[in-house]
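> First the structure, which I've put down as structure tokens, then a few questions once you've had a look.
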Amino acid sequence: MPTAPALGALLLLLGALTPGHQEKLFHSRDHSDLQPSPQHQAELVTDLQSAQQFLSKYGWTEPVKWEGTSSKNAAELPRYGDADLMQEGASISRYGQEFPLEPTQAPAFVEALRKFQTLNGLPATGKLDDSTIAAMNKPRCGVPDNQIGKESAIVKSNSNNVTEKASGKSLNTTTNQNPENGTSTSKIRKKRFLQMLAAPVRYKDQANQGSTVRGAFSKKLLKWRLIGEGYSSQLSIDEQRYVFKTAFRMWSEVMPLDFEEDLTSPMSLIDVKLGFGRGRHLGCTRSFDGSGQEFAHAWFLGDIHFDDDEHFTAPSSDSGISLLKVAVHEIGHVLGLSHIYQTGSIMQPNYIPQEAGFELDWTDRKAIQMLYGTCEGSFDAVFDWIWKERNQYGELVLRYNTYFFRNAWYWLYENRKNRTRYGDPVTVSLGWHGIPAEGIDAFVHVWTWTEDATYFFKGTQYWRYDSENDQAYIKDAQGNQYPRLISEGFPKIPSPINTAFFDRRDQFIYFFKDAHVYAFDVKRNMVANHYPKRIIDVFPAVVRNNHPFGNIDAAYYAYTHNSIFLFKGKEYWKVVSDKDRQQNPKLPRNGLFLKKNISEQWTDICNVHSSMLKMR
């Protein structure tokens, strides 16, 4: 245990307490790749005729009928050895229809070309120049940008304006600021932008019933499978499955849907089927064009096909086309997202090489949440973990990381980015050694002039944690063996408790049990006078009857907000701070402000399916 002078020096550094660096991930998204074996090359856009075909194919001239023309049922798929499975049909145009040999620059063509140029950050000249041809020849998704019966969500890139649809309607939305840090100049503009991203989707069969679909799937668990007829020739089967598992997990980390790989159920019960093919493939009504342009296509509520003529590589490769990035994009289509021309968005139609560590950005996360909602739920414990390190000048500084515990999982929350760490949640047993693997009741950090100790509580016991060695004590310097009974270390505190926290202002631990709270004086090692008391008496409601009353899930002092929070269910109450009372003396001490949803303050804390907790 640190000496009093040492602790005094540490406490002087509290004012400089800063969020900690990102904790190392416990599973990697990076794996080696194999070399490609392309067999066909895509035809390039080179002239007016092929440019007109391109604009028509992807819905720039007029919307394209796409949904409802997906692949056949699995039972109708040809066998793996079928000669047509991996071959390009010579009699079928790569664009699926015929065009005049000498297209004229009709007003519709010129207007479509201008729209395409604008959304690709090119001068809107309406003329087919080299830059426009180069943009058309970039590797891209095969899903049209504008579809019949479906609202598009096309956002102008590198601009201060957000363009609504391909019609050029402007929302005048600022997009060059980072929405994650909450510094957007207009919440109204941001809301309108998000509403545009999640424009209602209406299809023919649903329109007949008068229904408008905002979320593609109504159920919470989706099953997926890489079909046996459609393995890639470039990567091992295990590598392919791992990449797809990672892609589904990345979406699950930011939305309230679970994804599970299912290798045994009848194909009719599989929600999303994935496969590779060349040319005419997998019984699909659409043909792939060979290496160099269209790399995949997908259908709303349906299947995903990848062109095996493309050079697909694993995430760690700096060459070829990242299968992970393409898979994440196509899964977005299956879930209901349209193309988004927005810098950083995974839903851009063109493939853009990504640096290591690619993840879903703010636009993608908020777009999918507009369809499916945000992640909500209760937590077992929430706390800031304080640790010490020396900076580049050799000075001792204190830092903290914020953690959320639920069942057997935990998340590290990056307050500066207002989201969880990429790759979370992970299992408690993987990151916290020697404490119970699930169901933690409380975390307490006792921090005084004479004591610096951290404890985890569960049931009738508690554990002291050794932060230096990153594991629970078996026996501490005072000779105490762990786990200990709560009644031994904290006399007259009942167990099990609901939650607890240490208040540095009065140096009491507040233990919550049902509708009561116990203030424990750590200096005297006893319950404070006149306790227990009703929670509502110690933490009164600022607004009458707006109060948790009892059975608190978690109590948390947040260094980011310099405030105490009480959590119950999906909601939280902020405790009136000394600063709040200085600004408004009428506020009661330790009063509870109006409740709010946890997901409004701490975003994207999402479960993933249990099968995805261990990625390999």
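Positions of Cβ are set from backbone N, Cα and C atoms, glycine also.
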> Pick from Cys141, Cys606: which one does Swiss-Prot list with His329, His333, His339 for the same Zn(2+) site?
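According to Swiss-Prot, the candidate sharing the Zn(2+) site with His329, His333, His339 is Cys141.
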> Which is it, of 91-98, 139-146, 411-418, that Swiss-Prot names as motif 'Cysteine switch'?
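That would be 139-146, per the motif 'Cysteine switch' entry in Swiss-Prot.
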> Between the Cα atoms of Cys606 (disulfide bond) and Asn597 (N-linked glycosylation site), find the distance and write it as a whole number of Å.
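One finds 14 Å between the Cα atoms of these residues.
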> With every protein chain in view, how many other Cβ atoms are within 10 Å of the Cβ of Asn597 (N-linked glycosylation site)?
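By my count, 13.
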> Including all protein chains displayed, how many Cβ atoms other than that of Asn418 (N-linked glycosylation site) lie within 10 Å of its Cβ?
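Taking every protein chain into account, the count is 18.
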> Among the disulfide-bonded residues Cys375, Cys606, which residue has the largest number of other Cβ atoms within 10 Å of its own Cβ?
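Top count of Cβ atoms within 10 Å goes to Cys606.
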> In the three-state scheme derived from DSSP, which category covers Asn418 (N-linked glycosylation site)?
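The three-state answer is coil.
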> Going by DSSP, how much of the motif 'Cysteine switch' (139-146) is helix, how much is strand and how much is coil, in residues?
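Within the motif 'Cysteine switch' (139-146) the tally stands at 0 helix, 2 strand, 6 coil.
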> For Asn597 (N-linked glycosylation site), what is the secondary structure state per DSSP, taken as helix, strand or coil?
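DSSP call for Asn597 (N-linked glycosylation site): strand.
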